[in-house]
Structure formats: structure tokens, C-alpha cells
Amino acid sequence: MANKVIKCKAAVAWEAGKPLSIEEIEVAPPKAHEVRIKIFATAVCHTDAYTLSGADPEGCFPVILGHEGAGIVESVGEGVTNLKAGDTVIPLYIPQCGECKFCLNPKTNLCQKIRVTQGKGLMPDGTSRFTCKGKTILHYMGTSTFSEYTVVADISVAKIDPSAPLDKVCLLGCGISTGYGAALNTAKVEPGSTCAVFGLGGVGLAAIMGCKAAGASRIIAVDINKDKFARAKEFGATECINPQDFSKPIQEVLVEKTDGGVDYSFECIGNVKVMRAALEACHKGWGVSVVVGVAGAGEEISTRPFQLVTGRTWKGTAFGGWKSVESVPKLVSEYMSKKINVDEFVTNTLSFDQINEAFELMHSGKSIRTVVKI
């Protein structure tokens, strides 16, 4: 099948705000420096829902969503030397070409080699590999994992341990790595520090896990859904706070509870008001707040400049700061050696035909991550 078009099932988003539709699509063979992957498992993330809602300024339709997947290489295009058919892989929405000025700078993981075309839903040559009912279907985040087969750039693939369970490690393609790395790489949480994590979805729980791994002595979990508190404590939170239980702003509550504020805070929701609260909950002189959640298009953050003048730092992170191609295999190895939790994030497993139910579960707040077996 290496040089042939493959017909397979995919969940197509024909337009914004409508449920996904399981369709038979055609997947063209990989061109030069591309890889065709058989996807075995994918998770559903808030970013997929954000794009499907129509709020994403880069959202284009019709499209095959999905960016937390894992599978096996089916075939490779001309010039691909780092991968071969049969390799176990995780597709990456942030590539690592190793050559652009971003890849060569140790301060960032934001490879820009294919950013322009990826943002338009196209492969690096400006075309798509997907068609359905005679129409071109766009790619998503360079990955499109809601399909039995997908085609990605060879710089957007991490080769991983072939014994890793794909229905678990697919989560390392986004959420877990993002939260975990926000604590370890972006904030660089230190032993004995006090941390606050706002938002206890998958990313927030992973941030708690990262704070614990870094040796934080106090980890305060903040959410308006108290049903999430027990799980937060399982991941390492030392205490949990519901802002709705207080008559004053949550940042004031945290400053009082922590003798002046936390050393590190993490906003894992994408709410600009919470981003402000997370910054203002930080300790004067050295507190660091990391924006992890993605806010809606056009939204802006605000605070009094005095908050920054007096020594607080506001930072942002994408994919937890991990340089993807080199880091994801290491994260999989850490999971295999039980250094990081992954299984505990999977609260539901569904069949491909039930993919719309996965979105419903996520919106209900009752699941952390739902894995869809393709």
C-alpha cells in the first residue's frame, strides 16, 4: 500500500459547531519528507473542541481534527531517513526540525519550519493528503489523529518504545506533557516551594504531577468544581480550594494562606481573569506565574504594572517547553519505568464510532481524558 491511496474511516468536521461525522476518506501516499501513520488510539482535548466551536482564529473547515494520538508508521516518503515502516510513533503538533533558529536556541521549543502551512491546515508543500466525497479535507495541527490513517511531516514524529501501550502514551502528545513540562521546564519549580494550580483538568493535574516531581512542599489545587478535588490529591495536591467558598478574590485568599503568596502558579484553563488571579497570587519579589491555558481569540490579559515592577514574572508555555522529537521518547520511557503517571489520566475509553460522546464527556467535567480506539 506504500505508494497507493488508502481508503479508511475518519471523523470529519464539515463545519464549525456541528458534531463530527464518520466518513470514508482517501489518504494519499506520503510525499518527500512525509510519513503515513496508522493511528491506533487518540484522545480528545479541549483544543479540538475549541477549534470545532468556531472560536479558533486558525480554524478551517472541512477538517480532520485530533492531535493526541499514537500509531505505527505505514510508509515513508522520499528522503525520510529517521523513520521506517513499522516504527511505533507519536505525531507531534510542535515539530523539531533541528535546523531553524528556534530549534537551535535552547530557550524555546517552538520550531517554525512548517508553521505557516500547518496553520492553514496544509502539508509543507501547501496541499492536503485527505479527500472525501470529492472534496479536499484539511489537516489539523499537523497531526489529524481522528483518522485511521494520517500523513505528517517527518519532523513532526517521535519514534517511541515499541512496547508502549498506544492507548495510554497517546496522551503524551499534548496534555500530560504540557502540564508536566510547565512545572519542570518553564517554571523550573524548586524543592520546598509553594505552588498553586488553577484548573484541574488533564493539564492541571499534570502540572500538579510536575510540581510534586520537582519537590514542591505545598501544592494548592484551585477549581470551582469540588468533585475534582479527590483526584487532585491523588496526583499530589496538598490542599484544594474552591474560589466560590470565599467572598474575596481568590488571589487575596492565597496570599493570606501562604504568607505573602505562592512561589509558582499555573493557569490551566484559558480564562484571562484567572490568569490575572494566578499572577496576583504570586509572592512579591520572586513569584512566577505560567500561562498554560489557551484563551479565546482576541482576549487580552491585564494587571497593574506594579505587580511586575515588584518582582513577579508572567510566563507562557507551549507543549510544556519540551523540544518534541527528542523529548517525547524520553517521556514515554519515564512512563514505562513508572516515573510519571499516564494511566490515571484515562477515565473513559470509547470506540471510534463514539467519538462525539468523548466531546460530551469532556464538556461534562466528569472525565479527565477519554481515549478513542481507532
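In case you wondered, yes, glycine gets a Cβ from its N, Cα and C as well.
Site annotation (Swiss-Prot, ligand Zn(2+) 1) includes C45, C174; from H67, H139, the additional listed residue is H67.
With S324 (phosphoserine) as the anchor, the candidate recorded positions are H67, C174, S247, and the one with the nearest CA is C174. Neighbour list (S351 (phosphoserine), Cβ cut-off 8 Å, at least 6 residues apart, same chain): V372, K373. Cβ atoms within 8 Å of the centroid of the Cβ atoms of C97, C100, C103, C111 (the Zn(2+) 2 site) belong to the same-chain residues P95, Q96, G98, E99, K101, F102, L104, Q112, K113, I155, site residues excluded. Closest in space to C45 (Zn(2+) 1 binding site), of the recorded positions given as C100, C103, K233, S247, is K233, taking the CA atom of each residue. When each of the binding-site residues C103, C174 is scored by how many other Cβ atoms sit within 10 Å of its Cβ, C103 comes out lowest. Ranked by CA distance from K315 (N6-succinyllysine), the recorded positions C100, R115, C174 have C174 at the top as the closest. Looking only at Cα atoms, C100 (Zn(2+) 2 binding site) sits nearest to R115 among the recorded positions H67, R115, C174, K233, S247.
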